[in-house]
Amino acid sequence: MKENFFRSMTWLHTWVGLLVCWLLFLIFFAGTLSFFKDEISFWAKPEIHQIRHQDHRVASQAKQINDVFADLQQKAPNSLSWRINMPDSRNPVLSYGYAEPKQPGQRRAPFNYTHIDPNTLEPVPEPRDTKGGGFFYRLHFDLHYIDVFTARILVCLASMFMLVALVTGVVIHKRIFKDMFSFRRNKGSRSWLDAHNVSSVLALPFHIMITYTGIITLIFMLFPYPAETVYEEGLSQMFNEALPVNKRAAPTDEHRPMVAINQVLDQIYTKYPNADISHVFVRNANTASSQIVVYLATAKEVVDNGPRYLFNGVTGQIDAQSGEDWSASAQFYDSMTALHSGRLAEPLLRWLYFLCGVAGCAMIATGCMMWAKRLRERMKPEQSAHRGLKLVETLNLATLMGLPFATCAFFIANRLLPIELAARADKEVLAFFLAWLFIAVLALFGRTQSHWRLAAWLNAVACFSIPLINAFTTEGNWISYLLTQQWALFGIDSAFICAGLMFIVQSRKIPSHDNVKEKGNLFKNRQLKEQQG
Amino acid sequence: MMELLQFSLCFLAFNCFALAKFNHFRDVFKKKLTEKQRYRFLTIGWITILLSLGLSVMSEGGYGALLFCGYMALSVLMLMILYSFTVSWVKHISAINVSVLVLSGLSVMIF
């Protein structure tokens, strides 16, 4: 019974892992990069690199909001929407904008943004058109080129498979604590198993947390039926009830002047004397139905949404607030989202999240490799690989080496594509997928050690080229970022240098044909000597 | 400095857990681990890991628990590299670990 149970768990672990491992690798890879979404977006816009973080950021917010409101009153007094995004510890720029009238055929109204340096309140040049870190964030759960709903369902299913694989993995790993610090080198599939075990065990709480909370963030997509049964208008009504600050007033043409913004801010500062405001949104400006929504930062609390206040734009009275009187289930959902997104994390925790994410990628990658390696080891020399094995090996090379190469292509395209190119942001994404396709085509031609080594070299060259291209195309470089303490930019360049070094190590560790032959000859010679002796 | 203290405690705990294993102890000290030594390493390990968790949660709440998970991952990764690739460094790193632990502890107490 015990042996049967163990074998069933092993079977389940192998197959739920293998079936979705490439999709899971993409999800984990993009998710891990998304922990630095804002930093990647900042790197992708060299036009704003010279802006420094303010020393007294929170103390300056009231004046900045007043100035921006005055400007928006002049530029777009009748716009349906104003947005003010305050600078924070990760983004030094103050951005504000207004919605322009929607053209026929447009799903959403286009926004006209102005970016200013919060230190001088002077406008900064319009940053280049790029998706930046937002691309990896969306790729993480929306994938790309496929319908969003289908993509999210696929991501949900893959996450559930991952959770099953994690639980069964713990069950079948008999020596989970005994082998915790062990990695046996140069032992064939034993080394792959050790790498798989170590990368799983070292961040096991993180892997379980991130997978479970990932499913929870998309739970209403998987399981919308209770809300659809209870609420007549379904999920939207449920969310409006849970978050009344999101409830939009219907636009009206009746013109009414808006309350002075100071009156709104005074109420916020009375409640929170050191309030760190993250966003201020205005709906239906200067009409009888105008609304002002003030968002506060979450600080280090494990919540995804900080306190939000909805003010009547005409009277300045608080119409709704969130974050203080939430039900236990709403708080639980919000905390789970916060744990998953890691938006609450300060630099130390952010890097720890990143480390655990990399461990997750390593766990999935070693799992993918192990299945194929074991089959290869069991095969006789004259036996040829079956289709399934060839498919797995092709997908392994295409995904595990293709994704890092595609990421490098995205960053390189960000620097090399002409600034004035139409739909430039989409071209960066196209560069990402073309680079991935290139490695996939390489994998179709062969999956031998030479192909892996070639892919590793290509990745190494691509990784090293990013700090170099950055140095030639912008005013900063790796050294200057260190000297001027621009840690976000320095960190990204350093990460690519480290990745490049790792790919060089990888390419040197993959045995070439000559090495294999030499080793084979040595082995034969030793056998001959033993026979002669 | 509090974060350094929490991490040092966590690293020390996992180092003790590693040394409480016969193969790792033999690799580091070139002699056999006795049952008494094993018991001592495990006791110190459990005390320091609970201290690290307690300090993390007391100073940062839920955020501290997240930090603690990260400290565990980093500690295990560093120790795996140490014990698998550079086992001769373990004694030196352990001495540095204890020194950092004492200094960061004093610093937290004084300031």
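Yeah, the Cβs are placed from backbone N, Cα and C, and that goes for glycine too.
Nobody curates TrEMBL annotations by hand; they come from automatic prediction.
Copied from TrEMBL, the annotated features are:
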TRANSMEM  A:12-36  transmembrane segment
TRANSMEM  A:149-172  transmembrane segment
TRANSMEM  A:193-223  transmembrane segment
TRANSMEM  A:351-372  transmembrane segment
TRANSMEM  A:393-417  transmembrane segment
TRANSMEM  A:429-447  transmembrane segment
TRANSMEM  A:454-473  transmembrane segment
TRANSMEM  A:485-505  transmembrane segment
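Two recorded stretches are said to be in contact when at least 3 C-beta pairs lie under 8 angstroms, sequence spacing 6 or more; the transmembrane segment (A:351-372) and the transmembrane segment (A:12-36) meet this definition. Non-local neighbours of the transmembrane segment (A:193-223) in the same chain are 31, 141, 149, 152-153, 155-156, 159-160, 162-163, 166, 169-170, 173, 176, 179-184, 187, 235, 333, 336-337, 339-341, 353, 355-357, 359-360, 362-363, 366-367, 370; each lies 6+ residues outside the stretch with a CB under 8 Å from one of its CB atoms. Highlighted: of the candidate stretches A:149-172, A:393-417, A:429-447, A:485-505, A:149-172 has the greatest count of Cβ pairs under 8 Å to the transmembrane segment (A:12-36).
Highlighted: of the candidate stretches A:393-417, A:429-447, A:485-505, A:393-417 has the greatest count of Cβ pairs under 8 Å to the transmembrane segment (A:454-473).
Long-range contacts of the transmembrane segment (A:393-417) within the same chain, counting only residues at least 6 positions beyond its ends with a Cβ under 8 Å from a Cβ of the stretch, are 22, 25-26, 29, 33, 43-44, 46, 128, 130, 132, 135-136, 365, 368-369, 372, 385, 424, 427-429, 431-436, 438-440, 442-444, 447, 451-452, 455-456, 458-459, 462-463, 465-466, 469-470, 473-474, 496, 499, 503.
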